[in-house]
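Undergrad: Quick one: the structure is below, questions incoming.
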(Lines of atoms letter the chains of each structure in order from A and count residues from 1; the text may use other names and numbers.)
(Lines give C-alpha, C1' and ligand atoms only; values in the text may rest on other atoms or scores of the structure.)
Protein backbone atom coordinates (compact mmCIF):
# COMPACT_ATOMS: atom_id res chain seq x y z
CA UNK A 1 0.00 0.00 0.00
CA UNK A 2 1.56 3.32 -0.99
CA UNK A 3 2.37 5.79 1.73
CA UNK A 4 1.45 9.45 1.09
CA UNK A 5 2.91 12.57 2.73
CA UNK A 6 0.88 15.69 3.01
CA UNK A 7 3.08 18.81 2.70
CA UNK A 8 2.30 22.46 2.92
CA UNK A 9 4.30 24.44 0.34
CA UNK A 10 4.87 28.21 0.30
CA UNK A 11 6.78 29.86 -2.56
CA UNK A 12 9.32 32.65 -2.06
CA UNK A 13 7.49 35.87 -2.81
CA UNK A 14 10.37 37.51 -4.66
CA UNK A 15 11.07 34.47 -6.81
CA UNK A 16 7.44 34.10 -7.76
CA UNK A 17 7.26 37.72 -8.75
CA UNK A 18 10.36 37.15 -10.82
CA UNK A 19 8.80 34.14 -12.48
CA UNK A 20 5.65 36.05 -13.22
CA UNK A 21 7.65 38.90 -14.66
CA UNK A 22 9.63 36.54 -16.82
CA UNK A 23 6.53 34.97 -18.14
CA UNK A 24 4.97 38.30 -18.92
CA UNK A 25 8.15 39.48 -20.73
CA UNK A 26 8.24 36.40 -22.82
CA UNK A 27 4.72 36.78 -24.04
CA UNK A 28 4.13 40.55 -24.00
CA UNK A 29 5.21 43.18 -26.55
CA UNK A 30 6.63 46.60 -25.76
CA UNK A 31 4.89 49.64 -27.08
CA UNK A 32 6.39 50.39 -30.50
CA UNK A 33 6.57 54.16 -30.01
CA UNK A 34 8.25 53.84 -26.63
CA UNK A 35 10.76 51.40 -28.04
CA UNK A 36 11.67 53.71 -30.89
CA UNK A 37 12.01 56.63 -28.52
CA UNK A 38 14.40 54.68 -26.33
CA UNK A 39 16.39 53.63 -29.37
CA UNK A 40 16.62 57.26 -30.52
CA UNK A 41 17.83 58.39 -27.10
CA UNK A 42 20.40 55.63 -27.09
CA UNK A 43 21.64 56.63 -30.55
CA UNK A 44 21.87 60.29 -29.50
CA UNK A 45 23.80 59.35 -26.38
CA UNK A 46 26.15 57.20 -28.42
CA UNK A 47 26.76 60.03 -30.90
CA UNK A 48 27.28 62.60 -28.14
CA UNK A 49 29.82 60.41 -26.34
CA UNK A 50 31.90 60.01 -29.52
CA UNK A 51 31.48 63.53 -30.97
CA UNK A 52 34.39 65.98 -31.08
CA UNK A 53 32.09 68.86 -30.09
CA UNK A 54 33.26 70.02 -26.68
CA UNK A 55 30.75 69.58 -23.87
CA UNK A 56 28.28 67.47 -25.85
CA UNK A 57 29.44 64.19 -24.29
CA UNK A 58 29.03 65.59 -20.77
CA UNK A 59 25.56 66.92 -21.52
CA UNK A 60 24.04 64.12 -23.63
CA UNK A 61 26.52 61.26 -23.30
CA UNK A 62 24.08 59.03 -21.37
CA UNK A 63 20.56 57.82 -22.13
CA UNK A 64 19.58 57.98 -18.43
CA UNK A 65 17.66 60.83 -16.88
CA UNK A 66 19.49 64.15 -16.88
CA UNK A 67 21.17 65.03 -13.65
CA UNK A 68 22.24 68.33 -12.17
CA UNK A 69 25.73 68.25 -13.71
CA UNK A 70 24.37 67.29 -17.10
CA UNK A 71 21.92 70.17 -16.94
CA UNK A 72 24.71 72.63 -16.17
CA UNK A 73 26.80 71.29 -19.02
CA UNK A 74 23.81 71.56 -21.35
CA UNK A 75 23.23 75.20 -20.37
CA UNK A 76 26.91 76.00 -20.84
CA UNK A 77 26.82 74.38 -24.26
CA UNK A 78 23.73 76.37 -25.29
CA UNK A 79 25.21 79.68 -24.08
CA UNK A 80 28.47 79.02 -25.92
CA UNK A 81 26.57 78.07 -29.06
CA UNK A 82 24.51 81.26 -28.83
CA UNK A 83 27.61 83.42 -28.47
CA UNK A 84 29.21 81.70 -31.43
CA UNK A 85 26.13 82.21 -33.62
CA UNK A 86 25.97 85.89 -32.64
CA UNK A 87 29.60 86.52 -33.51
CA UNK A 88 29.37 84.49 -36.72
CA UNK A 89 26.28 86.45 -37.79
CA UNK A 90 28.04 89.73 -37.11
CA UNK A 91 31.05 88.61 -39.16
CA UNK A 92 28.83 87.53 -42.05
CA UNK A 93 26.94 90.84 -41.99
CA UNK A 94 30.22 92.74 -42.07
CA UNK A 95 31.37 90.71 -45.06
CA UNK A 96 28.10 91.34 -46.92
CA UNK A 97 28.63 95.09 -46.54
CA UNK A 98 31.69 94.71 -48.81
CA UNK A 99 33.94 97.18 -46.96
CA UNK A 100 37.05 98.42 -48.70
CA UNK A 101 39.96 100.72 -47.98
CA UNK A 102 42.37 102.80 -50.06
CA UNK A 103 46.08 102.05 -50.09
CA UNK A 104 48.34 104.95 -51.10
CA UNK A 105 51.97 104.53 -52.04
CA UNK A 106 54.53 106.43 -54.08
CA UNK A 107 56.88 104.87 -56.61
CA UNK A 108 59.87 106.32 -58.45
CA UNK A 109 60.84 105.70 -62.08
CA UNK A 110 63.78 106.66 -64.25
CA UNK A 111 61.42 108.09 -66.85
CA UNK A 112 57.73 108.85 -67.14
CA UNK A 113 55.34 109.13 -70.06
CA UNK A 114 54.43 112.75 -70.62
CA UNK A 115 50.67 113.35 -70.70
CA UNK A 116 48.65 114.61 -73.62
CA UNK A 117 48.06 118.38 -73.57
CA UNK A 118 44.94 119.75 -75.29
CA UNK A 119 44.47 123.50 -75.65
CA UNK A 120 41.69 125.58 -77.14
CA UNK A 121 41.18 129.26 -77.70
CA UNK A 122 37.99 130.22 -75.89
CA UNK A 123 36.95 132.12 -79.04
CA UNK A 124 35.48 129.65 -81.54
CA UNK A 125 35.52 131.70 -84.73
CA UNK A 126 37.91 134.32 -86.05
CA UNK A 127 35.86 137.31 -87.05
CA UNK A 128 38.02 138.12 -90.05
CA UNK A 129 37.62 134.57 -91.43
CA UNK A 130 33.82 134.62 -91.45
CA UNK A 131 32.13 135.10 -94.80
CA UNK A 132 28.72 136.63 -95.29
CA UNK A 133 27.28 133.15 -95.65
CA UNK A 134 29.00 132.05 -92.43
CA UNK A 135 27.62 135.00 -90.50
CA UNK A 136 24.18 134.37 -91.94
CA UNK A 137 24.15 130.70 -91.00
CA UNK A 138 25.83 131.20 -87.63
CA UNK A 139 23.45 133.91 -86.46
CA UNK A 140 21.81 131.56 -83.93
CA UNK A 141 25.22 130.44 -82.70
CA UNK A 142 27.15 133.71 -82.57
CA UNK A 143 24.37 136.22 -82.06
CA UNK A 144 25.72 138.40 -84.89
CA UNK A 145 23.18 140.04 -87.21
CA UNK A 146 23.47 138.74 -90.77
CA UNK A 147 24.87 141.11 -93.35
CA UNK A 148 22.45 142.14 -96.07
CA UNK A 149 23.05 143.75 -99.40
CA UNK A 150 21.45 147.09 -100.04
CA UNK A 151 17.82 146.75 -101.02
CA UNK A 152 17.54 143.05 -99.97
CA UNK A 153 16.26 141.43 -96.81
CA UNK A 154 18.38 138.67 -95.21
CA UNK A 155 15.66 136.12 -95.95
CA UNK A 156 15.97 136.86 -99.65
CA UNK A 157 19.71 136.16 -99.78
CA UNK A 158 20.61 132.79 -101.27
CA UNK A 159 23.56 131.02 -99.59
CA UNK A 160 24.72 127.42 -100.05
CA UNK A 161 23.91 124.97 -97.23
CA UNK A 162 26.40 125.36 -94.38
CA UNK A 163 29.06 122.78 -93.59
CA UNK A 164 29.94 123.10 -89.91
CA UNK A 165 33.10 121.03 -90.18
CA UNK A 166 34.35 123.28 -92.96
CA UNK A 167 33.39 126.39 -90.99
CA UNK A 168 35.33 125.24 -87.92
CA UNK A 169 38.34 124.34 -90.01
CA UNK A 170 38.42 127.69 -91.83
CA UNK A 171 37.40 130.10 -89.10
CA UNK A 172 39.00 128.54 -86.03
CA UNK A 173 42.22 129.96 -84.61
CA UNK A 174 45.19 128.44 -86.42
CA UNK A 175 47.97 127.13 -84.21
CA UNK A 176 50.73 128.28 -86.54
CA UNK A 177 49.50 131.83 -85.96
CA UNK A 178 49.07 131.49 -82.19
CA UNK A 179 52.23 129.54 -81.35
CA UNK A 180 55.17 131.94 -81.00
CA UNK A 181 57.66 129.56 -79.39
CA UNK A 182 57.67 125.95 -78.26
CA UNK A 183 60.14 123.82 -76.32
CA UNK A 184 59.90 120.30 -74.97
CA UNK A 185 62.65 119.01 -72.65
CA UNK A 186 65.21 121.37 -74.18
CA UNK A 187 64.24 120.65 -77.80
CA UNK A 188 62.32 122.96 -80.10
CA UNK A 189 58.84 121.97 -81.20
CA UNK A 190 56.36 123.45 -83.65
CA UNK A 191 52.72 123.28 -84.69
CA UNK A 192 53.51 120.05 -86.53
CA UNK A 193 53.90 118.32 -83.17
CA UNK A 194 50.24 119.02 -82.46
CA UNK A 195 47.18 117.25 -83.86
CA UNK A 196 43.79 118.83 -84.56
CA UNK A 197 40.88 117.78 -82.36
CA UNK A 198 37.35 119.19 -82.17
CA UNK A 199 35.62 120.00 -78.90
CA UNK A 200 32.82 122.26 -77.69
CA UNK A 201 35.30 125.13 -78.23
CA UNK A 202 35.64 124.26 -81.89
CA UNK A 203 39.05 123.64 -83.40
CA UNK A 204 41.58 122.65 -80.74
CA UNK A 205 45.05 121.12 -80.68
CA UNK A 206 46.60 118.22 -78.76
CA UNK A 207 50.29 117.79 -78.01
CA UNK A 208 51.68 114.28 -77.49
CA UNK A 209 48.41 112.58 -78.33
CA UNK A 210 50.04 109.61 -80.07
CA UNK A 211 49.05 106.41 -78.27
CA UNK A 212 51.69 104.19 -79.83
CA UNK A 213 54.80 106.31 -79.25
CA UNK A 214 54.18 109.01 -76.62
CA UNK A 215 56.95 111.33 -75.53
CA UNK A 216 58.79 110.58 -72.31
CA UNK A 217 60.74 112.70 -69.85
CA UNK A 218 63.77 111.75 -67.76
CA UNK A 219 63.88 114.73 -65.41
CA UNK A 220 61.40 116.70 -63.39
CA UNK A 221 61.05 120.40 -62.74
CA UNK A 222 60.70 123.55 -64.82
CA UNK A 223 62.29 123.37 -68.25
CA UNK A 224 61.90 119.58 -68.47
CA UNK A 225 58.40 119.59 -69.87
CA UNK A 226 56.38 121.56 -72.42
CA UNK A 227 56.88 125.32 -72.55
CA UNK A 228 54.91 127.46 -75.03
CA UNK A 229 54.39 131.13 -75.77
CA UNK A 230 50.98 131.78 -77.32
CA UNK A 231 49.19 134.73 -78.88
CA UNK A 232 45.44 134.43 -78.21
CA UNK A 233 44.59 137.02 -80.94
CA UNK A 234 41.98 139.03 -79.09
CA UNK A 235 41.53 141.25 -82.11
CA UNK A 236 39.92 138.23 -83.83
CA UNK A 237 37.37 137.67 -81.10
CA UNK A 238 33.74 138.00 -82.15
CA UNK A 239 31.97 141.14 -81.02
CA UNK A 240 29.06 140.47 -78.73
CA UNK A 241 25.81 141.60 -80.33
CA UNK A 242 23.55 139.55 -78.08
CA UNK A 243 24.14 136.70 -75.68
CA UNK A 244 23.64 133.07 -76.69
CA UNK A 245 24.53 129.75 -75.09
CA UNK A 246 27.83 129.84 -76.97
CA UNK A 247 28.74 133.43 -76.10
CA UNK A 248 32.02 133.78 -74.19
CA UNK A 249 33.01 136.79 -72.11
CA UNK A 250 36.57 135.71 -71.21
CA UNK A 251 39.85 135.86 -73.11
CA UNK A 252 42.57 133.23 -72.96
CA UNK A 253 42.97 129.55 -73.61
CA UNK A 254 41.49 126.41 -72.10
CA UNK A 255 43.88 123.55 -71.26
CA UNK A 256 43.32 119.93 -70.27
CA UNK A 257 46.00 117.47 -69.16
CA UNK A 258 44.91 113.89 -69.79
CA UNK A 259 46.19 110.47 -70.81
CA UNK A 260 46.57 109.39 -74.41
CA UNK A 261 43.74 106.86 -74.03
CA UNK A 262 41.22 109.48 -73.00
CA UNK A 263 39.50 111.96 -75.37
CA UNK A 264 39.48 115.59 -74.25
CA UNK A 265 36.41 116.80 -72.39
CA UNK A 266 37.82 120.25 -72.06
CA UNK A 267 34.69 122.33 -71.52
CA UNK A 268 34.20 120.59 -68.14
CA UNK A 269 37.62 119.24 -67.17
CA UNK A 270 39.94 121.94 -68.49
CA UNK A 271 41.45 124.92 -66.69
CA UNK A 272 41.93 128.46 -67.97
CA UNK A 273 45.16 130.33 -68.68
CA UNK A 274 45.06 134.11 -68.88
CA UNK A 275 47.10 136.39 -71.17
CA UNK A 276 49.69 138.61 -69.56
CA UNK A 277 50.89 135.79 -67.26
CA UNK A 278 53.33 132.95 -67.28
CA UNK A 279 51.52 129.96 -65.80
CA UNK A 280 53.46 127.11 -64.22
CA UNK A 281 51.65 123.79 -63.99
CA UNK A 282 53.34 121.19 -61.79
CA UNK A 283 51.93 117.72 -62.46
CA UNK A 284 52.02 114.43 -60.65
CA UNK A 285 50.81 111.22 -62.24
CA UNK A 286 48.24 109.27 -60.26
CA UNK A 287 47.35 105.68 -61.08
CA UNK A 288 44.05 104.64 -59.57
CA UNK A 289 42.75 101.10 -59.21
CA UNK A 290 39.15 100.52 -58.20
CA UNK A 291 37.37 97.33 -57.19
CA UNK A 292 34.71 95.84 -59.47
CA UNK A 293 31.28 94.75 -58.31
CA UNK A 294 30.14 93.74 -55.75
CA UNK A 295 32.89 95.61 -53.88
CA UNK A 296 32.71 98.71 -56.08
CA UNK A 297 31.10 100.16 -59.19
CA UNK A 298 33.98 100.34 -61.63
CA UNK A 299 33.89 99.07 -65.19
CA UNK A 300 36.28 96.23 -65.95
CA UNK A 301 38.56 96.43 -68.96
CA UNK A 302 37.13 93.14 -70.23
CA UNK A 303 33.74 94.75 -70.89
CA UNK A 304 32.93 95.98 -74.42
CA UNK A 305 34.33 99.41 -75.31
CA UNK A 306 32.24 102.31 -76.51
CA UNK A 307 31.84 102.50 -80.30
CA UNK A 308 34.33 104.92 -81.81
CA UNK A 309 36.95 104.54 -79.05
CA UNK A 310 39.73 102.03 -78.45
CA UNK A 311 39.51 102.10 -74.66
CA UNK A 312 36.80 102.98 -72.19
CA UNK A 313 36.93 106.24 -70.24
CA UNK A 314 34.44 108.48 -68.49
CA UNK A 315 35.01 111.23 -71.07
CA UNK A 316 34.33 108.83 -73.94
CA UNK A 317 31.18 107.64 -72.20
CA UNK A 318 29.89 111.19 -71.72
CA UNK A 319 30.58 112.13 -75.32
CA UNK A 320 28.81 108.98 -76.47
CA UNK A 321 25.80 109.78 -74.29
CA UNK A 322 25.63 113.35 -75.59
CA UNK A 323 25.86 112.14 -79.17
CA UNK A 324 23.11 109.55 -78.61
CA UNK A 325 20.81 112.11 -76.98
CA UNK A 326 21.30 114.69 -79.73
CA UNK A 327 20.81 112.10 -82.47
CA UNK A 328 17.63 110.89 -80.78
CA UNK A 329 16.06 114.36 -80.53
CA UNK A 330 17.62 116.21 -83.47
CA UNK A 331 18.61 113.46 -85.94
CA UNK A 332 22.16 114.81 -86.16
CA UNK A 333 25.34 115.26 -84.13
CA UNK A 334 27.76 118.05 -83.35
CA UNK A 335 31.22 118.14 -84.91
CA UNK A 336 33.01 116.96 -81.76
CA UNK A 337 30.59 114.09 -81.10
CA UNK A 338 31.35 110.52 -82.21
CA UNK A 339 29.08 108.66 -84.58
CA UNK A 340 28.10 108.32 -88.22
CA UNK A 341 25.11 110.67 -88.24
CA UNK A 342 25.09 113.90 -90.21
CA UNK A 343 26.56 116.97 -88.57
CA UNK A 344 23.93 119.35 -87.28
CA UNK A 345 23.31 122.52 -89.22
CA UNK A 346 23.39 125.85 -87.35
CA UNK A 347 19.60 125.99 -87.59
CA UNK A 348 19.41 123.05 -85.16
CA UNK A 349 21.51 124.67 -82.47
CA UNK A 350 18.46 125.31 -80.29
CA UNK A 351 17.44 121.66 -80.58
CA UNK A 352 20.96 120.59 -79.62
CA UNK A 353 21.02 122.92 -76.61
CA UNK A 354 17.66 121.57 -75.45
CA UNK A 355 18.81 117.96 -75.80
CA UNK A 356 22.02 118.60 -73.87
CA UNK A 357 20.12 120.46 -71.15
CA UNK A 358 17.69 117.57 -70.69
CA UNK A 359 20.62 115.16 -70.47
CA UNK A 360 22.31 117.32 -67.86
CA UNK A 361 19.15 117.47 -65.75
CA UNK A 362 18.71 113.70 -65.75
CA UNK A 363 19.72 111.77 -62.64
CA UNK A 364 22.28 109.73 -64.53
CA UNK A 365 20.13 106.65 -65.04
CA UNK A 366 19.77 107.41 -68.73
CA UNK A 367 23.55 107.64 -69.14
CA UNK A 368 25.45 105.83 -66.39
CA UNK A 369 29.17 106.39 -66.92
CA UNK A 370 31.06 104.10 -64.59
CA UNK A 371 34.62 104.79 -63.56
CA UNK A 372 37.10 102.39 -65.19
CA UNK A 373 38.79 99.98 -62.81
CA UNK A 374 42.21 101.27 -63.94
CA UNK A 375 42.53 105.00 -64.42
CA UNK A 376 45.40 107.46 -64.92
CA UNK A 377 44.93 111.09 -63.99
CA UNK A 378 47.20 114.01 -63.27
CA UNK A 379 47.19 116.18 -60.20
CA UNK A 380 48.00 119.85 -60.86
CA UNK A 381 49.39 122.79 -58.96
CA UNK A 382 49.24 126.17 -60.71
CA UNK A 383 51.26 129.29 -60.09
CA UNK A 384 51.60 132.46 -62.17
CA UNK A 385 53.83 135.46 -62.70
CA UNK A 386 53.02 138.55 -64.74
CA UNK A 387 54.53 139.06 -68.19
CA UNK A 388 56.03 140.92 -69.83
CA UNK A 389 58.24 142.76 -67.43
CA UNK A 390 59.06 146.35 -68.18
CA UNK A 391 62.48 145.33 -69.38
CA UNK A 392 61.19 142.63 -71.76
CA UNK A 393 58.13 144.43 -73.14
CA UNK A 394 60.13 146.52 -75.61
CA UNK A 395 62.20 143.50 -76.67
CA UNK A 396 59.10 141.39 -77.38
CA UNK A 397 57.52 144.30 -79.17
CA UNK A 398 60.46 144.52 -81.56
CA UNK A 399 60.75 140.72 -81.96
CA UNK A 400 57.13 140.07 -82.89
CA UNK A 401 56.33 143.43 -84.45
CA UNK A 402 53.54 144.08 -81.96
CA UNK A 403 52.90 146.90 -79.57
CA UNK A 404 53.67 146.52 -75.90
CA UNK A 405 49.98 146.88 -75.12
CA UNK A 406 49.14 144.10 -77.58
CA UNK A 407 51.71 141.83 -75.96
CA UNK A 408 50.28 142.46 -72.49
CA UNK A 409 46.73 141.74 -73.72
CA UNK A 410 47.45 138.69 -75.88
CA UNK A 411 50.69 136.93 -74.97
CA UNK A 412 50.96 134.17 -72.39
CA UNK A 413 53.49 131.50 -71.48
CA UNK A 414 52.44 128.02 -70.41
CA UNK A 415 54.96 125.73 -68.69
CA UNK A 416 53.81 122.18 -67.90
CA UNK A 417 56.22 119.75 -66.18
CA UNK A 418 56.46 116.89 -63.72
CA UNK A 419 57.28 117.84 -60.18
CA UNK A 420 59.44 114.70 -59.86
CA UNK A 421 59.88 111.39 -61.60
CA UNK A 422 57.50 109.56 -59.34
CA UNK A 423 53.85 108.71 -59.37
CA UNK A 424 51.20 107.87 -56.82
CA UNK A 425 49.21 104.65 -56.81
CA UNK A 426 45.84 104.75 -55.11
CA UNK A 427 44.42 101.26 -54.92
CA UNK A 428 41.15 100.10 -53.45
CA UNK A 429 41.52 96.89 -51.47
CA UNK A 430 39.07 94.60 -49.77
CA UNK A 431 38.97 95.41 -46.09
CA UNK A 432 37.25 92.11 -45.27
CA UNK A 433 37.44 89.28 -47.77
CA UNK A 434 36.35 85.65 -47.67
CA UNK A 435 39.63 84.55 -46.10
CA UNK A 436 39.10 86.97 -43.22
CA UNK A 437 35.51 85.79 -42.81
CA UNK A 438 36.51 82.12 -42.64
CA UNK A 439 39.34 82.93 -40.25
CA UNK A 440 37.04 84.83 -37.89
CA UNK A 441 34.34 82.15 -37.94
CA UNK A 442 36.95 79.43 -37.40
CA UNK A 443 38.45 81.29 -34.46
CA UNK A 444 35.03 81.92 -32.92
CA UNK A 445 34.05 78.29 -33.45
CA UNK A 446 37.19 77.08 -31.68
CA UNK A 447 36.85 79.61 -28.85
CA UNK A 448 33.20 79.10 -27.97
CA UNK A 449 32.38 75.48 -28.87
CA UNK A 450 35.74 73.91 -29.69
CA UNK A 451 34.54 72.70 -33.09
CA UNK A 452 35.94 72.54 -36.60
CA UNK A 453 34.78 71.73 -40.11
CA UNK A 454 35.08 68.02 -39.32
CA UNK A 455 32.79 68.48 -36.33
CA UNK A 456 30.17 69.97 -38.61
CA UNK A 457 30.59 66.99 -40.93
CA UNK A 458 30.03 64.65 -37.97
CA UNK A 459 26.76 66.40 -37.10
CA UNK A 460 25.62 66.34 -40.71
CA UNK A 461 26.44 62.65 -40.96
CA UNK A 462 24.39 61.93 -37.82
CA UNK A 463 21.46 63.94 -39.14
CA UNK A 464 21.70 62.04 -42.41
CA UNK A 465 21.56 58.67 -40.67
CA UNK A 466 18.57 59.69 -38.53
CA UNK A 467 16.71 61.05 -41.53
CA UNK A 468 17.47 57.91 -43.53
CA UNK A 469 16.04 55.67 -40.80
CA UNK A 470 12.94 57.84 -40.48
CA UNK A 471 12.37 57.68 -44.22
CA UNK A 472 12.79 53.91 -44.22
CA UNK A 473 10.19 53.59 -41.48
CA UNK A 474 7.76 55.77 -43.39
CA UNK A 475 8.29 53.88 -46.64
CA UNK A 476 8.16 50.39 -45.02
CA UNK A 477 5.14 48.50 -46.45
CA UNK A 478 2.33 47.97 -43.94
CA UNK A 479 0.85 44.56 -43.24
CA UNK A 480 -2.61 43.72 -44.41
CA UNK A 481 -5.56 44.38 -42.21
CA UNK A 482 -6.21 40.65 -41.84
CA UNK A 483 -2.77 39.96 -40.47
CA UNK A 484 -3.15 42.88 -38.12
CA UNK A 485 -6.45 41.54 -36.79
CA UNK A 486 -4.99 38.06 -36.29
CA UNK A 487 -2.05 39.46 -34.42
CA UNK A 488 -4.34 41.49 -32.20
CA UNK A 489 -6.49 38.39 -31.49
CA UNK A 490 -3.44 36.32 -30.52
CA UNK A 491 -2.21 39.10 -28.26
CA UNK A 492 -5.61 39.28 -26.57
CA UNK A 493 -5.62 35.51 -25.94
CA UNK A 494 -2.10 35.62 -24.54
CA UNK A 495 -3.03 38.50 -22.29
CA UNK A 496 -6.17 36.67 -21.10
CA UNK A 497 -4.17 33.54 -20.26
CA UNK A 498 -1.57 35.64 -18.51
CA UNK A 499 -4.18 37.34 -16.37
CA UNK A 500 -5.78 33.99 -15.43
CA UNK A 501 -2.44 32.49 -14.36
CA UNK A 502 -1.61 35.58 -12.35
CA UNK A 503 -4.93 35.29 -10.50
CA UNK A 504 -4.39 31.58 -9.69
CA UNK A 505 -0.84 32.19 -8.60
CA UNK A 506 -1.90 35.04 -6.38
CA UNK A 507 -4.53 32.85 -4.71
CA UNK A 508 -2.04 30.06 -4.08
CA UNK A 509 0.52 32.46 -2.67
CA UNK A 510 -2.06 33.83 -0.29
CA UNK A 511 -3.53 30.51 1.03
CA UNK A 512 -0.56 28.17 0.55
CA UNK A 513 -0.57 25.00 -1.59
CA UNK A 514 -1.14 21.25 -0.73
CA UNK A 515 0.85 18.67 -2.64
CA UNK A 516 0.65 14.85 -2.47
CA UNK A 517 3.90 12.95 -2.62
CA UNK A 518 3.97 9.18 -2.95
CA UNK A 519 6.52 7.15 -1.01
CA UNK A 520 7.88 5.59 -4.18
CA UNK A 521 8.66 9.03 -5.54
CA UNK A 522 10.58 9.84 -2.37
CA UNK A 523 12.68 6.73 -2.80
CA UNK A 524 13.37 7.61 -6.41
CA UNK A 525 14.45 11.08 -5.33
CA UNK A 526 16.81 9.61 -2.71
CA UNK A 527 18.36 7.31 -5.27
CA UNK A 528 18.91 10.24 -7.62
CA UNK A 529 20.51 12.25 -4.84
CA UNK A 530 22.95 9.40 -4.15
CA UNK A 531 23.76 9.09 -7.87
CA UNK A 532 24.39 12.86 -8.14
CA UNK A 533 26.06 13.90 -4.86
CA UNK A 534 27.62 17.04 -6.37
CA UNK A 535 24.38 18.63 -7.52
CA UNK A 536 24.08 22.16 -6.24
CA UNK A 537 20.34 21.91 -5.97
CA UNK A 538 18.67 18.51 -5.26
CA UNK A 539 15.87 17.60 -7.54
CA UNK A 540 12.44 18.18 -6.06
CA UNK A 541 9.98 15.33 -6.22
CA UNK A 542 7.15 17.75 -5.91
CA UNK A 543 5.21 18.32 -9.06
CA UNK A 544 5.68 21.86 -10.34
CA UNK A 545 2.20 23.19 -10.91
CA UNK A 546 3.28 26.81 -10.69
CA UNK A 547 5.57 27.17 -13.67
CA UNK A 548 5.55 24.55 -16.37
CA UNK A 549 8.33 26.17 -18.40
CA UNK A 550 11.16 26.57 -15.89
CA UNK A 551 12.18 25.10 -12.54
CA UNK A 552 11.55 27.10 -9.41
CA UNK A 553 13.27 26.71 -6.02
CA UNK A 554 10.69 25.65 -3.43
CA UNK A 555 10.79 25.49 0.39
CA UNK A 556 8.41 23.01 2.00
CA UNK A 557 7.82 21.14 5.22
CA UNK A 558 5.95 17.85 5.77
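Just so you know, glycine gets a Cβ as well, placed from its N, Cα and C.
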Undergrad: Write down the single range among 72-92, 93-113, 114-134, 135-155 that appears in Swiss-Prot as transmembrane segment.
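TA: Checking Swiss-Prot against the ranges 72-92, 93-113, 114-134, 135-155, the transmembrane segment one is 72-92.
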Undergrad: Under Swiss-Prot, which of the candidate ranges 434-454, 455-475, 476-496 is annotated transmembrane segment?
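TA: Among 434-454, 455-475, 476-496, the range Swiss-Prot annotates as transmembrane segment is 434-454.
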Undergrad: So which residues does the transmembrane segment (434-454) touch in its own chain, when a touch means Cβ under 8 Å and the partner is 6 or more beyond its ends?
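TA: For the transmembrane segment (434-454), the far contacts come to 52-55, 77, 80-81, 83-84, 87-88, 91-92, 95.
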Undergrad: Quick check on the disulfide-bonded residues 182, 204, 317, 332, 344: which one has the highest count of other Cβ atoms within 10 Å of its Cβ?
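TA: Per the Cβ count, the most surrounded site is 204.
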Undergrad: Could you say whether, by DSSP, residue 330 (disulfide bond) belongs to a helix, a strand or a coil region?
TA: helix
Undergrad: Provide the number of Cβ atoms within 10 Å of the Cβ of residue 373 (disulfide bond), excluding the reference atom itself.
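TA: Total other Cβ atoms inside 10 Å, all chains included: 20.
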Undergrad: What subset of the disulfide-bonded residues 182, 298, 332, 351 lies within 10 angstroms of residue 367 (disulfide bond) at the C-alpha level?
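TA: Of 182, 298, 332, 351, within range: none.
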Undergrad: Out of 188, 210, 330, 369, 374, which of these recorded positions is nearest residue 321 (disulfide bond) by C-alpha distance?
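TA: In terms of Cα distance, residue 321 (disulfide bond) lies closest to 369.
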